[in-house]
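If you check TrEMBL, you get these features:
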type: COILED; residues: 182-216; note: coiled coil
type: DOMAIN; residues: 223-397; note: domain 'Hflx-type G'
type: BINDING; residues: 229-236, 254-258, 276-279, 345-348, 375-377; note: GTP binding site
type: BINDING; residues: Ser236, Thr256; note: Mg(2+) binding site
Amino acid sequence: MTDHDSDSAPRGPIEHSQAVTRAGVFVPVLRQRNSAAEVAEGVKRSDEDRLIEAEGLAAAIDLDIVARAVITVSKAQPATLFGSGKVEEMKALVEEQKIGLVIVDHPLTPVQQRNLEKELNTKVLDRTGLILEIFGRRARTKEGRLQVELAHLNYQRGRLVRSWTHLERQRGGAGFLGGPGETQIESDRRQLQDKIKKLEKELEQVRRTRTLHRAKRKKAPHPVIALVGYTNAGKSTLFNKITGADVLAKDLLFATLDPTLRRIALSHGTEVIFSDTVGFISDLPTHLVAAFRATLEEVMEAEIVLHVRDMSDPDARAQAADVEKILADLEIDTGDAEHVVEIWNKIDRLDETGRAHLEASAASQPGGRTVHMVSALTGEGLEPLLADIERRIAGRADQVELDIPSDSMQLLPWLYENSIVREREDLEDGGVHLVLDVTQQARTDLQRMGARYPNVRMD
Ligand SMILES: Nc1nc2c(ncn2[C@@H]2O[C@H](COP(=O)(O)OP(=O)(O)OP(=O)(O)O)[C@@H](O)[C@H]2O)c(=O)[nH]1
């Protein structure tokens, strides 16, 4: 499948033409939001970091960025966000550079967006609009596409309701579609509403199927290891390296939108399922988080969560804070050192001083948090990581020993399906001796089945 699945992608605010759009990226800085102290502590991004990230986002949909600027906003204007002087400057730049799309890395109200479009005489997208646009191009599975389309419609609905009220008044409330007295906006809103309902139904169906698959998988004893992290942290690269899969790993933001699952056997035979998920990003609009909640269920139910971080990014700390916030929304306790493991990735990019610095801080993590320093690219550090995962999982399973006489061999397929067979000894009398790792559930099931297999002995 190609990366640009524009036929099936939901229709976004930008026309999907072959020509690359010339774009300007503007980062408004509302002075009261970013105190110098917060930036210095690495909790808030610096203005330049925000600009670099916004450009990265814009590049994710192949825009040709011909202008970039951080714009100080001392007082947010309800009509245009920026003050009139700034808007004039932007307008000059748009004309001079023949800019076809202006990206404002900040939420814009529908009114602000429309006014800016009028003043600048070009298309304007805010951060949410841009992220939706990227998501629309990246979603590959049916569920992913439906989720994005739904988020898009909800976004449009918000704009429609508020921004069209004045049009409604201009038209004197006369309706040309629908029943008597119905206004254009009501009919548009209703159409959107119908579409949303239809999509929700479709999505529900797709999810039911997936839940069934998951329920089936849950019966199997394979624990799920979920990779999470800020967009571009290297999750897919790590996933590919570990599982030998060929998931799209590119310097593209949100290259992975749909969860990808793959089963592998660790070195002592423990089978686990690795799950690669959508990358997180700061200021992810809430309805997008909600849209992806179902996808993130894999993460919520995972045995171990690997938080992958790009430690070569100067913004690594603020990114980690963003990811932890989203994990907290998903009710994942990042303070639980047994459950969440930090993967400090891209160490191949660091010089000796950088590495030494990281090693020191890895050793002094609060709450006994485990850190693995790795390079998903070169494979460095992966062996200890996998050994750690295996140790954690083995530590959680119960081990049982079974003596199965030859008259009870019908039990064997069930055991292979529902437990991890650690050792098997074929006995001379035709029976077998097994050492198994079982989950609590499998142990209970086994005890219940005991009546049918009275000759099986369990220790
Ligand atoms: N030098 C170096 N580059 C890496 C490493 N891991 C990943 N990369 C690069 O970082 C970029 C992003 O990697 P991905 O694996 O696509 O990142 P991701 O976290 O899956 O990204 P999203 O899909 O946006 O969430 C790619 O260009 C990778 O080649 C690493 O250990 N070292």
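Including glycine, each Cβ sits where the backbone N, Cα and C put it.
A TrEMBL annotation is a machine prediction, not a hand-curated record.
DSSP assigns Gly229 (GTP binding site) to a strand. Counting only the Cα atoms, the space from Ser375 (GTP binding site) to Ser236 (Mg(2+) binding site) is about 12 angstrom. Shown are the binding-site residues Lys235, Lys346; of these, the residue with the fewest other Cβ atoms within 10 Å is Lys346. Using a 10 Å Cβ-Cβ cutoff, Ser236 (Mg(2+) binding site) registers 25 neighbours.
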